[in-house]
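According to TrEMBL, the protein has these features:
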type	residues	note
TRANSMEM	20-46	transmembrane segment
DOMAIN	37-286	domain 'G-protein coupled receptors family 1 profile'
TRANSMEM	58-82	transmembrane segment
TRANSMEM	88-116	transmembrane segment
TRANSMEM	136-158	transmembrane segment
TRANSMEM	193-217	transmembrane segment
TRANSMEM	238-256	transmembrane segment
Amino acid sequence: NRTSVEEFILLGFPGTWQSRVSLVVVFALMYSLTVIGNASIIALVWRSSNLHTPMYFFLCNLSFLEIWYTTGVVPKAIGVMLGTSQTISFSVCILQLFFLLSLGSTECFLLAVMAYDRYIAICYPLRYSSLMNSVLSVRLALSSWLGGFLAISLLAFLTSRLTFCGPDVINHFLCDIDSCLALSCSDTRPVELATFLVSIIVVVASCVVTLVSYMYIISSVLRIQSVRGRKKAFSTCSAHLSVVTIWYGSTMFLYVKPSAQNSLDLNKIVNTFNTVVTPLLNPFIYTLRNKEVKLALVQAFQKK
């Protein structure tokens with residue numbers, strides 16, 4: 001006779017009370033900066049008519065996504081580390097897993113779309129306004145969101161059908177696919193196969209689109225005669241390339257593998273970087289390396 005587990009206990013990070021409080025302060029500070037930074041980008045693009053272009057429309061989508069992505073992790077993680085909210089019900093665990101993986105898949109698609117946008121802007125500058133119009137921009141963004149959530153629906157459904165009969169302790173500060181598979185007492189091979197296939201379709205396919213786009217971009221930039229022209233072209237896509245490198249590096253480590261049961265402690269560290277650090281870096285990478293955003297920011301303060 002097996003008893004089905006109805007809730008899990010999240011361990012969070014091991015260590016003394018002082019070390020966990022220090023982590024709580026760091027998480028809370030990074031979360032606050034992430035929300036403020038990404039919300040500021042959305043507000044700035046909304047207020048500045050000079051930034052009403054497809055590039056900044058996609059950037060607003062990415063900033064909106066990052067706010068919800070880190071919100072789905074940090075508040076619960078703080079409760080876990082403080083010991084005030086270490087339990088999580090099975091249904092909420094599956095919901096968090098679905099929410100985070102769907103947003104992660106959407107980010108993969110959005111980064112690929114942004115790379116395609118930069119490819120058209122640099123390789124076909126005279127036809128950019130006609131090729132990447134507002135209708136196509138909305139369709140690409142909407143497809144990214146729908147594709148990201150639909151891609152994870154089957155995976156979340158299969159995970160919810162797994163049987164858990166104990167132990168009920170998750171060595172993490174969130175519910176991820178590896179932890180669920182490690183605790184399940186039923187056959188996890190279908191879920192592992194589905195995870196691998198979805199990872200190939202979402203992560204690898206979008207990464208290939210991004211890499212191919214940048215191959216054409218670099219080839220086009222190198223043919224520019226003037227040094228100033230090359231520098232300007234590289235500056236328009238260097239920020240996006242930085243975000244892509246950080247995101248795909250950590251995401252491929254976590255999900256693109258035949259078996260999902262790797263080191264949970266190492267996954268915890270990479271998940272921290274993926275769900276807390278990267279959403280914080282995105283607004284600063286885009287704003288500090290972009291003259292148009294700086295100019296719009298200065299104009300906004302001058303108006304005030």
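Placed from the backbone N, Cα and C atoms, the Cβ positions cover glycine too.
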The answer for the transmembrane segment (193-217), taking Cβ pairs under 8 Å and residues 6+ beyond its ends, is 105, 108-109, 111-112, 115-116, 118-119, 122-123, 147-148, 151-152, 154-155, 158, 177, 233, 237, 241, 244, 248, 251-252, 255-258, 260
Among 20-46, 88-116, 136-158, 238-256, the stretch with the most Cβ pairs under 8 Å to the transmembrane segment (58-82) is 20-46
Contact set of the transmembrane segment (238-256) with the rest of its chain, CB cutoff 8 A exclusive, min separation 6+ beyond the ends, reads 104, 107-108, 111, 114-115, 118, 176-178, 195-196, 199-200, 203-204, 207, 210, 214, 267, 270-271, 273-274, 278, 281-282, 285-286, 289-290
Averaged over the domain 'G-protein coupled receptors family 1 profile' (37-286), the pLDDT of the predicted model comes to 85
